[in-house]
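*Asks:* Quick one: the structure is below, questions incoming.
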Amino acid sequence: MPGEGGSTSGSALAGRHPKQKRKAHSLSIRRTNSTEERPLGILRGDMLEGQDSKLPLSLRNNLLDLFSQIEREFENLYIENIELRREIDSLNERLTGDGQTVEGGDPSKGVLKTKASHSTSQLSQKLKTTYKASTSKCLYTFHGKIGGPCNFSVATWELWGGDSWIVSSFKATTGSRALCQLLKEYVGHRDGIWDLSVARTQPVVLGTASADHSALLWSIETGKCLLRYAGHAGSVNSIKFHPTEQMALTASGDQTAHIWRYMVQLPAPQPPPDVSALCDDDQDSSDREEGEVDGEGLCEVPTVRVATTTLKSHQGVVIAADWLVGGRQVVTASWDRAANLYEVETSELVHTLTGHDQELTHCCTHPTQRLVVTSSRDTTFRLWDFRDPSIHSVNVFQGHTDTVTSAVFTVGDNVVSGSDDRTVKVWDLKNMRSPIATIRTDSAVNRISVSANQRIIALPHDNRQVRLFDMSGVRLARLPRSNRMGHRRMVCCTAWNEENQSCNLFTCGFDRQAIGWNINIPALLQEK
């Protein structure tokens, strides 16, 4: 996800002509049975023969080397899966000879599918992590088992298929149906959007944080950009609004968190769009054409470049930040494995919260109590209690097997955690030994959100899906994802807005856009 420096993933693709993109897709690697016996130069000549390209020969050779390493990695995985299938067939024969049967049909297919999906999830996490850490290099890192680490550009990764190349090929289970209406698309960022949030005071605006070093404020009804914050020198990884004032808190890969004030005036509302679709698992999942809008129309948007307060005690990327109840203190989470608690008025560092073994991925505060939850790549999340000013206690939640990407409070006494292990768990703060519900999915889960009134969990996935569940783990719906609507790349975050007796869900992704949805809660619960 986000990081320290510049970014070109969005603009690199948006400026390409469709024909040029099709040429990039045509780049392939031909393999023969005598590959190992032929000189490297001859092999490259065979690969490049007959391919029309304006790229320098040296650059094309480097690309071929990188794709060769990627191909070898998947070839090894394929060989492992074949060997695993043979072992399973052998075990099945033994069970059959003993008069036993295996439930679930062909178990080999399930095991192979799980192994491939898990490997893809790990690859996706490595890509997101590298991009958050240093977008100035404009490179992802793929750590292969053969050939060591290799780097390839964001544009190449997107043309190759991105995160959804393998994960999205797995068929999801059939779920419920609910009426979901596309509210508005918010297009203007020049790179992936990592986080979004809805203001809690009037005027109610939508805020987005992007790897293009900026945070934007939007009119929810019209989709018009109202203000740009450009005070960070790195990727903006998080945005949260003050509970009572027109202030925003942003965290960045430049190792700082900023508090800045804003003043916006909402434009006149427009007639609502007449676009609706059913949340159905059987909908068309084809990609839309890319590169339509590149945010050129944002040059006239008012820009804030100086923060009111700068918090800079971290020694690594600040991945998230949030306001404590009352708005007098904020908490920040960083890749330096610590979370910091600050006084807003004085910028004083009050507490440094240590204990995680690896980088933090998210932090969240309770809406009514002085409680903080931090999640980490060490597969745990921690609950910090500041209700007693003299002491602060900590409780560790263990239950995931991979990076905990986010953990959020509900209005009640629950915490919901999402992970790259493709599960979401619901926890009771009064009984922390085991989760009260577990949701299993087919893709890694990013920053989740829970609606305050209806307690519905929105799950953003690496495979571009957004699914809705209730607190007991029952699946309610899946947002539309077709050639007409939905995200084209992984969905990074979700946020709810339940003002004015309506229920809106906002999603953002690596395709550089945020989308607003109107969720028909009565119909959704009735289908349940």
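Glycine too: its Cβ is placed from the backbone N, Cα and C atoms.
Pasting the relevant annotations from TrEMBL:
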type: REGION; residues: 1-37; note: region 'Disordered'
type: COMPBIAS; residues: 16-25; note: compositional bias 'Basic residues'
type: COILED; residues: 67-94; note: coiled coil
type: REPEAT; residues: 186-228; note: repeat 'WD'
type: REPEAT; residues: 229-260; note: repeat 'WD'
type: REGION; residues: 273-295; note: region 'Disordered'
type: COMPBIAS; residues: 279-295; note: compositional bias 'Acidic residues'
type: REPEAT; residues: 311-352; note: repeat 'WD'
type: REPEAT; residues: 353-394; note: repeat 'WD'
type: REPEAT; residues: 397-437; note: repeat 'WD'
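So where do these features actually land, and what's packed around them?
*Replies:* Taken together, the residues in the repeat 'WD' (229-260) have a mean pLDDT of 97 on the 0 to 100 scale.
Taken through DSSP, the repeat 'WD' (311-352) splits into 0 helix, 22 strand, 20 coil.
Through the fold, the repeat 'WD' (397-437) approaches residues 117, 121-122, 124-125, 361-362, 364-368, 371, 373-377, 379-383, 443-450, 452, 455, 457, 459, 469, 471-473 of its own chain, all at least 6 residues removed from its boundaries and within a Cβ separation under 8 Å.
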